[in-house]
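Down below is the structure, laid out as structure tokens.
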Amino acid sequence: MKILVVDDEQDVRTLFEQRFRREIRNGLFTFSFAYSGEEALDYLHGHASEVVLILSDINMPGMSGLELLRHIRQEYGAPPPSPPQVMMITAYGDDDSRQQALALGANDFLSKPVDFAALKEKLLHLTEHEN
Amino acid sequence: MEVNASILISVGIAAIIVRSMRQFLDLPTRMPHLNRLLGYFWVPGLLLYLFSLLIQWKTDRLDEIYTLLLMVMVVLVLVRVQDYRPARTILLAVVPYVAYSAIELLSGSLSNSFLREYKGLFSNSQGFAIIWLVTFVLIARKQKKQLEAERVRREAEEKERREIAAQNAVLERMVAERTSSLTLQTEELQHALEELRTTQAQLIQSEKMASLGELTAGIAHEIQNPLNFVTNFSDVSAELVMELEEEQQRPERDQELEAELLADLKQNLQKITHHGQRAASIVRGMLEHSRASTGERQPTDLNVLADEYLRLAYHGLRAKDKSFNATLTTDFASPLPKIEAVAQDLGRVLLNLFTNAFYAVQKRKEQGETGYAPTVRVATRALPGGGVEVRVHDNGTGIPETVRQKIFQPFFTTKPTGEGTGLGLSLSYDIVTKGHAGTLAVETEEGQGTEFIVTLPG
């Protein structure tokens, strides 16, 4: 399962690669990284069909995660292929952002600090579902 | 009988003389007692008359005797009041006449022939005595008038003096009242001034605290990210160690995997250090911002300072308005000479400029313009001569011409009540110009954006 992680923090890459190193080694997950909303859209233009899940931070300079979500839902609204799942992550775990994200079509909403154990569960569940 | 009755005429004359004397010498007030005695001037006349009737003395000298008595009385009175100058003059006036009258009476009663023999002499003497009398009485009158005039003048002067004294007293009192009220006013003003100074200090502090408040959320966000990394990397490192231990227990150890795990561990520890320091530096910056300025100048890298405060300001605003988003661009000259500055104070200036820039782009975004991308840019540049220029640019609403003149004035704000203290730019201006001998200028176009230019000498 291909997952695109969008965050302006570079170290997120190292963190994800280590957190999910067994799953990566087993070939269960493949991660790609984008460091801004704009970069994520660029990546999607080339790999839209491959990406199953997008994990995006909301608070980023330039295009915010919510704007990225809006673009994704506009561009990749209808199948085929099946639209990617989008999970939003934010440091401000407020209800306002959650409502907004869900209204824009987010599939899930996580707050920082990310509980990687729970996230792993969700991802594994998704994988099973996919298969 | 007829002859004796002539004394009545003398008594009448005596009454006139007594009256004149009382008036002229002002006897009722000067000598009340003598004045009363003078009232009995007629008694000797009456006694003489009755006496002459009794002894059937027929003489034409009776009134002369009476007149002489009267004159003696006048002289005595005058002697009593000789302190009064006109009285002395009158005395001088009457003495010859009295002497003449006495001599004439005496010689007449001794021998009529003597009188007849020297009739011419007596007549001349009488004339002389009368002229003397009249002359000196006139002189006395003049003296009296002079004295009177002098007295009136003195009284007037005295009255004037008293009035002036009274006026002086009134003036003194008014001056005293005015002085005390002025003193009171001065004290009140002094008090007010002190209060104002205290209030000013408090305002500056509260402005600082207000900007700190704006920062708090941004700071929290800024700290949370590195802290999350610290936690996550520690966590994942523990997992790596466990995996490494498991690997070591195996009979056939995978050297390659062990080396990879160790490399990852080493990297993670570096990451932990890096993010720990990042959080620490943010906390340090926050503390510096809230602390009272020490005013100590130190070599300062404006690139670092600008970057730090740009992020803080951005996240501060984000915390208040979560839908807000802006593109931040930095255009830092490298290398940039360090300048001697109070970093904490310049940080406040930059924070203020960034906060204003974000406010402006946010306002423009609220107008709902399509395709509008809020952008805040900060650029640094080395100036010839060792100075540094910092430009903070935004593509926000711009500043109207009418407002431009006032933006550096204390307490001027376009923000709604309670949102801005109106001290930000005024304090910034003071910090740059007075504190660092630099300049703070503004270039703006309404509806297009604003650029603040800080120049600091090297």
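Quick reminder: no glycine exception, Cβ is built from N, Cα and C everywhere.
Note: TrEMBL annotation is automatic and uncurated.
According to TrEMBL, the feature coiled coil maps to B:137-209.
As annotated by TrEMBL, domain 'Histidine kinase' applies to B:218-458.
When Cβ-Cβ distances below 8 Å are used as the criterion, the transmembrane segment (B:6-25) is approached by residues 31, 35, 38, 41-42, 45-46, 48-49, 60, 62-63, 66-67, 70, 74, 77-78, 81, 84, 86-87, 90, 140-141, 144 of the same chain, each at least six residues removed from its ends. Here TrEMBL flags B:6-25 (among others) as transmembrane segment.
Taken from TrEMBL, the feature transmembrane segment covers B:37-59 (among others). Same-chain residues lying 6 or more positions outside the transmembrane segment (B:37-59) and placing a CB less than 8 Å from one of its CB atoms are 1, 3-4, 7-8, 10-11, 14-15, 18, 21-22, 27, 65-66, 69-70, 73, 77.
If one looks beyond the transmembrane segment (B:65-82) by at least 6 residues along the same chain, the residues whose Cβ comes under 8 Å of a Cβ in the stretch are 7, 10-11, 13-14, 17, 21, 25, 27, 30-31, 34, 38, 41, 44-45, 48, 88, 90-91, 94-95, 97-98, 101-102, 105. Summarising the annotation, TrEMBL assigns transmembrane segment to B:65-82 (among others).
Taken from TrEMBL, the feature transmembrane segment applies to B:89-109 (among others).
The transmembrane segment feature in TrEMBL is assigned to B:121-140 (among others).
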